[in-house]
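For His16, Lys94, the entry in TrEMBL reads heme binding site. Among the features that TrEMBL reports, transmembrane segment is placed at 12-30, 61-83, 89-108, 129-147.
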Amino acid sequence: MGDFLAGAYPWLKFLHVISVISWMAGLFYLPRLYVYHVEKVSKGSETDALFQLMERRLLRAIMNPAMIATWLFGLALVLTPGIVDWSMIWPWTKAASVLGMTWFHMWLAARRKDFVAGMNAKTGRTYRMMNEVPTLLMIVIVASVIVKF
Ligand code: HEM
């Protein structure tokens with residue numbers, strides 16, 4: 001299995017990065033949709049239904065599959081011989097940040113259910129602030145995998 005993963009390494013990394021880009025696009029865009037949803041749309045209106053549809057499609061059709069693919073190809077890279085040296089710092093900062101990113105994804109999914117139930121209690125300001133979370137985590141992750149401190 002080690003030999004197979006080592007041979008497939010460039011392709012695994014290619015697939016990992018493509019999945020990451022798709023996942024991140026959703027992680028940046030969904031909180032922006034929530035900002036406009038909470039600030040500009042009245043509950044029960046036609047626009048409310050349209051926002052709920054866009055949010056559901058973005059989460060189910062793009063973000064969930066992209067997150068799963070990112071994890072699968074990322075874990076395959078972890079198992080590839082000679083790629084991760086756990087005595088260094090970067091695998092730990094990366095691991096902590098991807099767990100944070102996954103938590104953020106789950107938080108967004110829970111907030112979508114609040115909108116569906118007509119029970120959103122968060123303000124546009126909260127969603128604007130939470131929008132910075134994936135940016136900060138992305139900076140730590142990319143520094144970890146590129147600089148490899
Ligand atoms: C979800 C769990 C994840 C796991 C288990 C994982 C694991 C890995 C591993 C082991 C590598 C190979 C490093 C190397 O070749 O030296 C890698 C590469 C990479 N990862 Fe992840 N990763 C995950 C999520 C992410 C996320 C969320 C991002 C971006 C926000 C990301 C960005 C990258 C990039 C840009 C590379 C290529 C670095 C290079 O050029 O070598 N990864 N990942």
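Positions of Cβ are set from backbone N, Cα and C atoms, glycine also.
Keep in mind that what you see is a predicted model, and the values were worked out from it rather than measured.
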Top stretch among 12-30, 61-83, 89-108 for CB pairs under 8 A with the transmembrane segment (129-147)?
89-108
His16 (heme binding site), number of other Cβ atoms within 10 Å:
20
